[in-house]
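Peer 1: Mind having a look at this structure? Questions to follow.
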Amino acid sequence: MLKLYFIRHGETLSNTWHTLQGWSDTPLTANGIMQGKALGKGLADIPFLKAYTSTSERAYDTACYALGKRNLKPIMCRGLKEMNFGTLETKPNSFPGCETYIERVTYDWSSVGGETIDDLTNRMAHTLHEIITLNKDQHGNIMCVSHGLSILAAIRVVNESLYETLLRDETRFGNCCVTLISFENGKFKVEDVNNMTYVEKGLNNEKNYK
C-alpha cells in the first residue's frame, strides 16, 4: 500500500490579503513558517519514502519545513500546482459572480485564461497516477505538498460524492492540513480529510518542550 499525505501549504501573504493566488505566488508569513515547522514535528514519527511538492515557492518552503531533519529533498511536480486563475491572479478573491466558496471553485476561470475545476480535476488525476506509477514497486508513505483547490480536485478524482459533500458544506482546507489518500490493489481511497491534528501536535510538543 502507498499512502499519499496531501498537505496544503502554510499561510501566505496573499492568504492574509484575501487575493487570488493560483499560479502567482507570495511568501509564507511568520505564522505560515510556524505552521510548517509545527507540521514537521507532528509528522516526525511517520517515515516518508519521497516528498513531492508543487513548483510554487510557498509549497516548496512548506515541504522543507515539514520534512524537518529528514534526509529527503522535495521533488518538484508541476501537476501539484494550484488552479490557474488567469488574468485575475492577485486580484481580490471575491467579486460579483464569485463571492462564495462554491462559486470560486466552479467559476469558469478559463474565460480569463485560467482553468476550470474540470481542467484541474483532469490534471490531478494525471498527477495521482504519475506518482503511483513512479513508485509502483514500493510500499509506504509519500508526502505531496500542494494547494487547497488542487487537493479538493484530487479528492474528486477518488470520490466524487465526498467532493460534492465538501463543496456543499463549503469545507475550506486549513493551512498545513493533511488529507490522506491511499492506493492499494489498483484502487485509491480517501482515508482522511483536512486534518489539522499534526500541526496541533507539533505546536503542543513545542509548548511542552518550553
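In case you wondered, yes, glycine gets a Cβ from its N, Cα and C as well.
Remember, TrEMBL labels are computer predictions, not curated facts.
Found this in TrEMBL, in case it helps:
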ACT_SITE  His9  active site, tele-phosphohistidine intermediate
ACT_SITE  Glu82  active site, proton donor/acceptor
BINDING   Arg8, His9, Gly10, Glu11, Thr12, Leu13, Ser14, Asn15, Arg58  substrate binding site
Peer 1: Near Arg8 (substrate binding site), which residues of its own chain have a C-beta under 8 A away, given they sit six or more steps off in sequence?
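Peer 2: Same-chain residues close to Arg8 (substrate binding site) (Cβ under 8 Å, separated by 6 or more) are Val145, Ser146, His147, Gly148, Ile151, Phe173, Gly174, Asn175, Cys176, Cys177, Thr179.
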Peer 1: Can you tell me the three-state DSSP label for Gly10 (substrate binding site)?
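Peer 2: It is coil.
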Peer 1: Report the residues of the chain - excluding Arg8, His9, Gly10, Glu11, Thr12, Leu13, Ser14, Asn15, Arg58 - with C-beta within 8 Å of the mean position of the site's C-beta atoms, for the recorded substrate site, in sequence order.
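Peer 2: Filtered neighbour residues, in order: Gln21, Thr26, Leu28, Thr29, Gly32, Asn175.
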Peer 1: Fill in the CA-CA distance, Thr12 (substrate binding site) to the residue listed as 'active site, proton donor/acceptor', as an integer in Å.
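Peer 2: If we compare the Cα positions of Thr12 (substrate binding site) and the residue listed as 'active site, proton donor/acceptor', the gap is 14 Å.
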Peer 1: Give the three-state DSSP assignment (helix, strand or coil) for Glu82 (active site, proton donor/acceptor).
Peer 2: coil
Peer 1: Ranking the binding-site residues Thr12, Ser14 by other Cβ atoms within 10 Å, which is at the bottom?
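Peer 2: Selected from the binding-site residues Thr12, Ser14 on minimum Cβ neighbours within 10 Å: Ser14.
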Peer 1: Taking the Cβ of Arg58 (substrate binding site) as the centre, how many other Cβ atoms fall within a 10 Å radius?
Peer 2: 29
Peer 1: At the Cα level, what's the spacing in Å between Arg58 (substrate binding site) and His9 (active site, tele-phosphohistidine intermediate), rounded?
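Peer 2: Cα to Cα, Arg58 (substrate binding site) and His9 (active site, tele-phosphohistidine intermediate) are separated by 6 Å.
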Peer 1: So if I measure Cβ to Cβ from the residue listed as 'active site, tele-phosphohistidine intermediate' and keep only same-chain residues at least 6 apart in sequence, which ones fall under 8 Å?
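Peer 2: Listed in sequence order, they are Leu28, Gly32, Ser54, Ser56, Arg58, Ala59, Asp61, Thr62, Val145, Ser146, His147, Asn175, Cys176.
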Peer 1: How big is the gap, in Å, between the Cα of Glu82 (active site, proton donor/acceptor) and that of Ser14 (substrate binding site), rounded to a whole number?
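Peer 2: So the alpha carbons of Glu82 (active site, proton donor/acceptor) and Ser14 (substrate binding site) sit roughly 13 Å from each other.
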